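I have placed the structure first, in the form of structure tokens, so that the comments after it can refer back to it.
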């Protein structure tokens, strides 16, 4: 490593260019920056896809926290995770195993001589989410998660016996979830110990891994598809493990209820929930989803979040602090705060908590006393962008990693009493693909909506000139309880759309998160009501107040609930205001909602089951005959085969109707994608077709010689007409 030089963050800078789909997809993607104990450097990973080689490469680097310069730590793409053991010592996961196909290895090395490390453990399957704690004797206790058989044995896909039949048989739901079919294997947290050797002898695995989850029937942690290392924690002394699992006694498809379990690291006892129905400290009436368990520095307390409602995935998260061994009711902390935080860390002295929460179109950091009363209002100390990870430095400041609408990676320091202290690195100052992007690319406004003021982002194109006019792109977010935030996305990136020659307006209508729970909750049984009214009022505001926006040649696009709303708009007066529409994975036929996997979602959104409240389901039906008769705007329909949340039949049904009605339309399908399109090659086609579609009908294709065209896609179009 000594041959590598520290590189200036501006070393790769080049001339500003519009953000093309190719640049968006191939721009380096960096992980959170994890500081070493001294606070001098931080380690992070980078991956980058190439359309020349059609491969992704990855490497690890060190970031100098004083100068902002970086240098490569290792180019070994098999290094999947890194944990600091000391200022120079590192424990890392090698994603391959020389002795066990499908297994992984743990290696110990020095940051100053990375290639000279040694193997400390050979693990029998694929594991990730490594967390460690050093004991007084110098041993390293660790936890990680992998797949498990019902008997607790780690599941290794490469060594598993392939069944002779492809049949699947189910006696209960779930049958499938997100993009996979459920089987008898499940996620589980495993514990192990690396024993410190004597003298010059290094660490080695002491005994076998222990499954901490499988002894609890029907438990699973982390919970797929989005669960990960934040679903469990290891106490600083290595004695205890806390993990989240959905309620084993309840039907998983009908309830969001989950508990936080506590178990000794050595698995000497079976895990027990601290907030289950029979737990002595369970707060009265609190039955919703639990999340993000985090031990205090001395290990005697455990912070976590929990929702109240047992069927509402977007209920407000409330912070709780449990005292280990206590049978008293677990107290809430700042329980009346009208925000829904989703990450938490203790300050080193154990007196204060730092939480991350959506707030007014950002993800901000807040501080609050660990014993704050319910009426306490946490104090924000970051502003723009979306903070995604944060670690304490020796001087009690925080090293924060985040993003913004104008950069996919932003590292800075902040402190509760001082706010943002120092910017260390930002991708738009490093990467040629993002060069020229900056805060001036965006603005925001509020307008009077259906019942309250509504927020909207404005994203400008390259070389924006307010004396000119640019066609409108109307972005509608999914969820429906979600938002457009000041954060980077490689799937729906408004800057990449704007740089075709548009102004993007991205409103946060009724149902949006981060603006108070009342706005979020108001979309229940109201999908085509207040949110649609908000969008109409937003369009009117833009038409009347933003002189640089050409609403006569505008287009609209949305995914998931945003796709539903595009389908709803197609049959509404607002649909006639647009030259083209793009609907990605949206619901179309009201009665088809019963085909989803997370039944709690639809049953909560529409106030009952499909058979008890069918009128509610049909109230906002884009496929109602009277609405279909209004369809007229050219429409691109995108739907993929592995989308089990909103099955592909929804998109096919919509396309059938559009074709039968003679509306210009196209169907884009990916057999290997789910609710999202993430494969780089597929993502490129997705962008070419979505942007090409709107460019064709808005007139941008003719006015901008560099605009994306439908003809850019090399995949042949099937057209029997």
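Each Cβ is built from the backbone N, Cα and C atoms, and glycine gets one as well.
Per Swiss-Prot, the features are as follows:
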SIGNAL    1-18  signal peptide
CARBOHYD  75  N-linked glycosylation site
CARBOHYD  94  N-linked glycosylation site
CARBOHYD  151  N-linked glycosylation site
CARBOHYD  254  N-linked glycosylation site
REGION    271-297  region 'Disordered'
CARBOHYD  380  N-linked glycosylation site
CARBOHYD  450  N-linked glycosylation site
ACT_SITE  560  active site, charge relay system
CARBOHYD  607  N-linked glycosylation site
ACT_SITE  643  active site, charge relay system
ACT_SITE  675  active site, charge relay system
Among 94, 607 [glycosylation sites], residue with fewest other Cβ within 10 Å: 607
Three-state composition of the region 'Disordered' (271-297), taking helix and strand from DSSP: 0 helix, 8 strand, 19 coil
Collapsed DSSP category at residue 94 (N-linked glycosylation site): strand
Separation of alpha carbons, residue 675 (active site, charge relay system) and residue 94 (N-linked glycosylation site) (Å): 30
Integer Å distance between the CA atoms belonging to residue 607 (N-linked glycosylation site) and residue 254 (N-linked glycosylation site): 13
Distance from residue 607 (N-linked glycosylation site) back to residue 450 (N-linked glycosylation site), taken between C-alpha atoms, in Å: 21
Among 75, 151, 380, 560, 643 [recorded positions], residue with fewest other Cβ within 10 Å: 151
Local Cβ density at residue 254 (N-linked glycosylation site) - other Cβ atoms counted within 10 Å: 17
Of the active-site residues listed as 560, 643, 675, the one whose CA lies nearest the CA of residue 75 (N-linked glycosylation site): 675
Nearest recorded site to residue 560 (active site, charge relay system) by CA-CA distance, among recorded positions 380, 643, 675: 675
Separation of alpha carbons, residue 380 (N-linked glycosylation site) and residue 643 (active site, charge relay system) (Å): 37
Cα separation, residue 675 (active site, charge relay system) to residue 607 (N-linked glycosylation site) (Å, whole number): 24
Euclidean distance between Cα atoms of residue 380 (N-linked glycosylation site) and residue 675 (active site, charge relay system), Å: 33
Cα separation, residue 380 (N-linked glycosylation site) to residue 151 (N-linked glycosylation site) (Å, whole number): 47
